[in-house]
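What Swiss-Prot records for 169, 170, 171, 172, 173, 174, 175, 176 is ATP binding site. The feature site 'Required for activity' is assigned by Swiss-Prot to 373, with sequence analysis given as support.
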């Protein structure tokens, strides 16, 4: 029997008309391949981008690549027990982490699970790790100070509540030290703190937790730790989990501070995941969306207005603004701030604190380069006292740097230049500060006033810090009322100035330093 072409065509058409195979849409699939923490799954056509999928009772993954025939899933945890052919189920949920005051004083992993051996956390609220940042209308300008207790930062590079201030520098320049001091400085202010450690050694994170406990700051702090030994997925997600914990306070009219230590390692973890998912690499092998990786994270740090808080809390909290202040940390290679990730984060943030290896080696710690560091919005948030006194300090340091370079080639200098150089040496010495010893507003104001008014000019450079320590002790013991007055409002009026002047004159007359 022979069929001609038209009969074959009619047969095919009849078959097509009678076909009743509805396309299967499944919420259950099969593992096609598993390697390096990335599972390729077939059959889960219903899955959303970023959805949690379940391998077994204890193992979850996150869908990051949605392709025509398969889904690329990053496994959140150990993956050695997963094998080809295993069943995978969609959960229909986006990744959420526990948030709220129950986490204070605890160390958790990148998914909010406790890792400090202090038992489970019974958080009443969970929050998705990815949220859209508040819009322009919902924000309020930054006009309240976030005091770090570090003279060089609060006087020259001030940080406000709701600001994003980058801490950038080479390894071993004191970046984490500044962040930890900022947390310690908040212990009596009611500001809640979140310290996110990504790609750090477990011993380093343990040391941070110990220091915060020692200085009484752990009670209002939660540490989110995705250590170097943890999967890249947890190192990538930890920052978003920490941000969700901070947003809990921001949206309820409270103030929170979050430290990302550090975003360089987070970007490297994301690069690793992207390359394993076979996404096309770009500059320095980073994927094309690495800018968005950090911008969507840092834009969530903001000061929100009272209307936003009232709407979010359904009218429970009225007339209060909330803020989330971010201090992201970036590690540079040999001082190269023009690399891909540093330039991205510099452009996203509201200023940067630039730390220099050279200054650190000279013993100037914190090693802040006042010339390259800037705060774009913090000036309007400074306390009155520090704002009035800080300008003179910055000017003295700038003139000192200029003259010091010139003085290397000049044989004899006029008296005015010599006096400026001597003043600059003492101000540089005064800007040094020991770790774990943040200052109060009053202590800082008195130190800056002493420098501006020339009280340090007859003090030997080596004794400047001894002079300052003795002056603070004298202020807190003999003039506690004056210190309390300055700390309460941060005012700097004629009455306070005359009291401070009389106090320093009396102190210098004693000469006990």
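Note: Cβ is positioned from N, Cα and C throughout, glycine not excepted.
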Local backbone state of residue 373 (site 'Required for activity'), from DSSP in three classes: coil
Residues satisfying Cβ distance under 8 Å from residue 176 (ATP binding site), sequence separation of at least 6: 204, 208, 261, 329
Residue 175 (ATP binding site): secondary structure state under DSSP, collapsed to three categories: helix
Rounded Cα separation (Å) that holds between residue 171 (ATP binding site) and residue 373 (site 'Required for activity'): 17
Residues satisfying Cβ distance under 8 Å from residue 170 (ATP binding site), sequence separation of at least 6: 331, 332, 333, 334, 335, 355, 357
Rounded to the nearest Å - Cα separation of residue 174 (ATP binding site) and residue 373 (site 'Required for activity'): 15
Binding-site residues listed as 169, 174, least Cβ neighbours within 10 Å: 174
Close in space, distant in sequence - residue 373 (site 'Required for activity'), Cβ under 8 Å, 6 or more apart: 156, 157, 351, 352, 353, 354
Candidate with sparsest Cβ neighbourhood (10 Å radius) among 171, 175, the listed binding-site residues: 171
Most Cβ neighbours inside 10 Å, all chains, among the binding-site residues 172, 173: 173
Collapsed DSSP category at residue 169 (ATP binding site): strand
